[in-house]
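S.K.: My questions will all concern the structure given below.
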Amino acid sequence: MMKERGCCASICQCFFEYSTPKILVIRSFKVGTVNRITQALVIAYVIGYVCVVNKGYQETDAVLSSVTTKVKGIALTNTSDLGLQIWDVADYVIPPQEESTFFVLTNLLITLNQTQSHCPEVPKTGFDCTSDRDCKAGSRDTRGNGVQTGKCVKYSAAEKTCEVLAWCPLELDKEPPNPPMLADAENFTVLIKNSIRYPKFNFNKRNILPYVNKTYLEQCVFNRITDPDCPIFRLKDMVTEANEDFQTMAVHGGVMGVQIRWECDLDMPSSWCVPRYTFRRLDNKDPVNNVAPGYNFRFAKYYKNGNNEETRTLIKGFGIRFDVMVFGQAGKFNIVPTLLNLGAGLALLGLVTVVCDWIVLTCMTKKNIYNEQKYSYVDDFQLLSNETP
């Protein structure tokens, strides 16, 4: 019972304690040196990192952005299927406009004069046959090219496959040409127009800077040294800056990232707020895991033949997709974050006392004297007895 009362008394005593600061001046070269060095480190952190590097005195806002692109260039091909042919922007930019991205055709496989008719399926696992019993009329498979008719027909002198109703002749699954058909695409250029806004500060700007006039825009091409503000980019230069070879990438296609970064200090002149461009490849080109490399899709061009029969040219297009990504942050002086960061920095100075106390209590030879002088306890009855009546 006595133990319980003693425990309760100790808890009450701790709960109703009040600690008041006590100033104790220690004249010690070692402790004084540690004290000043620690204070200097805290002040350097607050001023150097929080205020200067991290601009803790500023209010910030994230960027809002819009992007449009326009590609230009001419390519010439000469193949046995198509003959001599000119390719312009209407042929190799598919689709003509996308949001913050554009695709440029660099290579293709062409299947000419397809009509809806009957033909043998391309030899694949599950489509080979020896008789009509191996083919099921009306059957369709996502790996196939059409609907089976139920007949087993010759594909070649040595092979038989199930006949299908499809766009015939069927596309042959083979490797794209190397070098790529549209190798001239490396000299195509693209104009990237980027408008940004920081709504919190009512600040607007675009990457076509105020000093850029029509004459300059007609002849400039982006160069990081001579023309860093030109918004017109050669495709080969963009791929090269990503440490890639354009002609190699053009065979199977790929995905490139165009990164535009706006870091704006609005306490400075607005002319200092300019875009910074970087380029990198986004799709996986792991030499080990190289199944289905690159970027490709199929599209067709339809027309009527002499018999008024619907005919199409099927194109499996390989190319490079360019994704334009805009990042940025703007900052401007505001008294609220300034006071908050300065207050946090002053609070850190309290750690200096903790560090110095720890050094004194653990390292100094006369730590007992310090402990006696630093901490003292006064009970309530002592205060009452010292009061003057």
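Each Cβ is built from the backbone N, Cα and C atoms, and glycine gets one as well.
Predicted automatically and left uncurated, TrEMBL annotations should be read as such.
Here's the feature list from TrEMBL:
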- Lys70, Val71, Lys72, Thr189, Asn296, Phe297, Arg298, Lys316: ATP binding site (BINDING)
- Cys119-Cys168: disulfide bond (DISULFID)
- Cys129-Cys152: disulfide bond (DISULFID)
- Cys135-Cys162: disulfide bond (DISULFID)
- Cys220-Cys230: disulfide bond (DISULFID)
- Cys264-Cys273: disulfide bond (DISULFID)
- Asn187: N-linked glycosylation site (CARBOHYD)
- 339-361: transmembrane segment (TRANSMEM)
S.K.: Including all protein chains shown, what's the count of other C-beta atoms within 10 A of the C-beta of Asn296 (ATP binding site)?
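M.R.: Neighbour count, Cβ to Cβ under the 10 Å cut-off: 17.
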S.K.: What is the maximum Cα to Cα distance, in Å and rounded to a whole number, among the residues Lys70, Val71, Lys72, Thr189, Asn296, Phe297, Arg298, Lys316 annotated as binding ATP?
M.R.: 24
S.K.: These are the binding-site residues: Lys70, Lys72, Arg298, Lys316. Which one scores highest on other Cβ atoms within 10 Å?
M.R.: Lys316
S.K.: Using Cα coordinates, what distance in whole Å links Cys273 (disulfide bond) and Cys152 (disulfide bond)?
M.R.: 70
S.K.: Compare the C-alpha of Cys168 (disulfide bond) with the C-alpha of each of the recorded positions Lys70, Cys162, Cys220, Cys230, and give the closest one.
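M.R.: It is Cys162, whose Cα lies nearest.
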S.K.: I'd like the Cβ neighbour count for Cys264 (disulfide bond), meaning other Cβ atoms within 10 Å of its Cβ, all protein chains included.
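M.R.: Cys264 (disulfide bond) is surrounded by 23 other Cβ atoms within 10 Å.
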S.K.: What whole-number Å value do you get for the CA-CA distance of Cys135 (disulfide bond) and Thr189 (ATP binding site)?
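M.R.: Checking the Cα atoms of Cys135 (disulfide bond) and Thr189 (ATP binding site) gives a distance of 52 Å.
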S.K.: When the Cα of Asn296 (ATP binding site) is compared with the Cα of each of the disulfide-bonded residues Cys119, Cys162, Cys220, which one is closest?
M.R.: Cys119
S.K.: At the level of the C-alpha atoms, what whole-angstrom distance separates Asn187 (N-linked glycosylation site) and Lys72 (ATP binding site)?
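M.R.: Answer for this pair: 9 Å between alpha carbons.
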S.K.: Name the residues of the same chain, 6+ apart in sequence, whose Cβ is under 8 Å from the Cβ of Cys152 (disulfide bond)?
M.R.: Cys129, Thr130, Ser131, Asp132, Asp134, Cys135, Lys160, Thr161, Cys162, Glu163
S.K.: When you measure from the Cβ of Cys273 (disulfide bond), how many other Cβ atoms are you left with inside 10 Å?
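M.R.: I count 19 other Cβ atoms within 10 Å of it.
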S.K.: Between Thr189 (ATP binding site) and Cys264 (disulfide bond), find the distance joining the two CA atoms and give it rounded to the nearest Å.
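M.R.: Cα-Cα distance, Thr189 (ATP binding site) to Cys264 (disulfide bond): 28 Å.
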